[in-house]
Amino acid sequence: NCNLTFWYNMNGRQIGTLQVLLKTSISNQLLTLWQKTGNQGTAWKQATIPIRSNSQFAIVFEAKTGSGFLGDIAIDDITYSGCDTGQTVASCQPTQFLCSNQLMCIDRRYRCDEKVDCSDGSDEDNCRPFNGDCSFETTLGQCQWTQSSGDDGDWTIASTSLNGPKRDHRNTATGHFIYMDSSKQNPGDVLRIQTPFFPASHGVCYIRFWYYMFGSPSMGPLKVFLQNRNGNTTDLFWEMAGSQGMQWNYVNIPLGSAQDFSVIFEATRGDQVNSDIAVDDVSFTPECSTGVSPAAPSHTVCYQGTFYCAPLKQCYPNDWKCDGTLDCPDGSDEPNTCPTTAPVTGQVGPTTTHKPKTLSTTPAPLTTTAHILPNNCPQSKFQCSDGTCIPLLLLCDAVADCPDGSDETPSNCPITKCDVGFYYCKKQRQCINGSRCDNVDDCGDKTDESVCGNACPPNFCQGGSVCQKTGLKTLSCSCPTGLNGIRCQYRESKVQRHAGNAPSSSSGWKAGVGVTVGLVAVVALVIAGYFLWRRQRERNFNERLGIGLENPTYDGADMPSDFQMNPMEDPFQGVRMTSDATSIENPLYQEA
């Protein structure tokens, strides 16, 4: 029941157009809610517009000038009603996801897409990989992706590039992506890479990915094709060409085919070297693997900070995930993606071989809606599992600041290490490098404003570093040699990050070929230099003999000094000119 009310005045003979547009957090498209064009009279008029949006939104007023200066447009007294952010959502459509704070619904195609859409970030919690998903942190074979054999080269897995992105889309220190290295390809070369196959579907499957295209205006294009299992049909579903800015860009598009299909990414090398094209964090909605529409939730929704164990129909704390103990019989708390050793089978209660685990003696009733765990920490603080509050800047920075270490657990930290100059932003679930302590909330949850003032928090500076203040209130640490990071908590790597250090999707023979080509090039340069030196020597010798003409083939070395050219014959002899003497008639088409 959200409504926008405002007053407007559009009086004049040359009035243009006034529009009210809706901008949402999950789409770059502007939706027109209301529009008026032309003279509306001298009086102020009131307009009330209903707003329907299941995601965060903003209102844009857009005024367009008319044909002259007699066209002023004015607005006043803008009010909202029924749009309070504290109002909870009772339920969502089957094709939507209810955020944990129960304040908004988002389309399921935005769930687990490496981009935060819920205001509490819960749409990126408890994500697991599906068929075809690939973050390129492992080999292509583990993602079941394959390089095409009929193209002009292979995509490269890298953590940085010379002419393309310097780091992966989440700005991590060790993250990887795939890219076309334009310095190794010729203009017009095409590179293709293919996903595994998906069952036939229509209107339920979506692919999400990030791409980077910055450099030459004529770079690309990057294309996304669908190919059926027989390989006799290939359809273009998406295309982008030209430089798209020095940042990673997000794509979310529907896929579908009457037959089983796979996805092909195709990059074309532009006419300039700075034409690298990169792709990262490709994911598919669960419906791509099933080929059917999502069903309504068949189980209760757990509290924020917990996950659902289907076999036991029980909600467990997120801290029980990836802790080495198998608490849920289906293994959902210990997936293969956990950075732990093989889990040991345990049970809830004091008889477990690990630290005793107990659920609350008075658990809240399981309902069909989500609830919020009590949080007594301010917005710029992270609440540890024991209730301690620490600044958000200390979250996921490889230093355990919570007494129980919960600020560095896999369930709270999808990223293990940010790149130099970046820090982890919990709301955005990625590393950012926004300015700190400038009263501008770059992260959205005040992470960048959480450690400011005149003195660093206790144990803030690591490795014997010293707290220092830059600007009015920005705090950091003066790192000794060999350490880096805001807190000097990371040891500097002795190996520079470049594409060669990343897992390669191609065989080792490419390195040998590169060395061989390099040696051949050196030898070729030496031989070319020798012949150029000899040619110049002969030319100097000829000049001393007084020879004024050089034959490009023989250099005039054997010609007599009195050599003269014969008079040149008229090339147009016998050819009739037209009357204006500016063109030549073609003898094949002369009139008889």
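From the backbone N, Cα and C atoms, a Cβ is placed for every residue, glycine too.
TrEMBL does not curate its annotations; it predicts them automatically.
Over in TrEMBL, the protein carries these features:
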type	residues	note
COMPBIAS	350-363	compositional bias 'Low complexity'
DISULFID	Cys112-Cys127	disulfide bond
DISULFID	Cys377-Cys389	disulfide bond
DISULFID	Cys384-Cys402	disulfide bond
DISULFID	Cys425-Cys443	disulfide bond
DISULFID	Cys437-Cys452	disulfide bond
DISULFID	Cys479-Cys488	disulfide bond
DOMAIN	1-85	domain 'MAM'
DOMAIN	132-290	domain 'MAM'
DOMAIN	453-489	domain 'EGF-like'
REGION	339-363	region 'Disordered'
TRANSMEM	511-533	transmembrane segment
Measure from the Cβ of Cys443 (disulfide bond) and count the other Cβ atoms within 10 Å, all protein chains considered.
23
Residues near Cys452 (disulfide bond) by Cβ (under 8 Å) yet at least 6 apart in sequence within the same chain, in sequence order, are Arg436, Cys437, Lys473, Thr474, Leu475
Closest of the disulfide-bonded residues to Cys112 (disulfide bond), Cα to Cα, picking from Cys377, Cys425, Cys488?
Cys425
Cβ-Cβ under 8 Å with the domain 'EGF-like' (453-489): same-chain residues at least 6 beyond its ends
391, 393-394, 397-399, 401, 420, 423, 436-438
Cys377, Cys384, Cys389, Cys402, Cys425 as disulfide-bonded residues, winner by CB count within 10 A:
Cys425
Within the same chain, the residues at least 6 apart in sequence whose Cβ is under 8 angstroms from that of Cys479 (disulfide bond) are Gly463, Ser465, Gly485, Cys488
Long-range Cβ list for Cys127 (disulfide bond), cut-off under 8 Å, min separation 6+ in sequence, same chain only, gives Arg111, Cys112
Please spell out the DSSP helix, strand and coil residue counts for the domain 'MAM' (1-85).
0 helix, 49 strand, 36 coil
When the Cα-Cα distance from Cys377 (disulfide bond) is computed for each of the disulfide-bonded residues Cys384, Cys402, Cys425, Cys443, which gives the smallest value?
Cys384
Which whole-number value in Å describes the distance between the Cα atoms of Cys402 (disulfide bond) and Cys389 (disulfide bond)?
8
Could you tell me the mean pLDDT over the domain 'MAM' (1-85), as a whole number?
88
Spacing of the two Cα atoms, Cys443 (disulfide bond) and Cys389 (disulfide bond), in whole angstrom, works out to 19
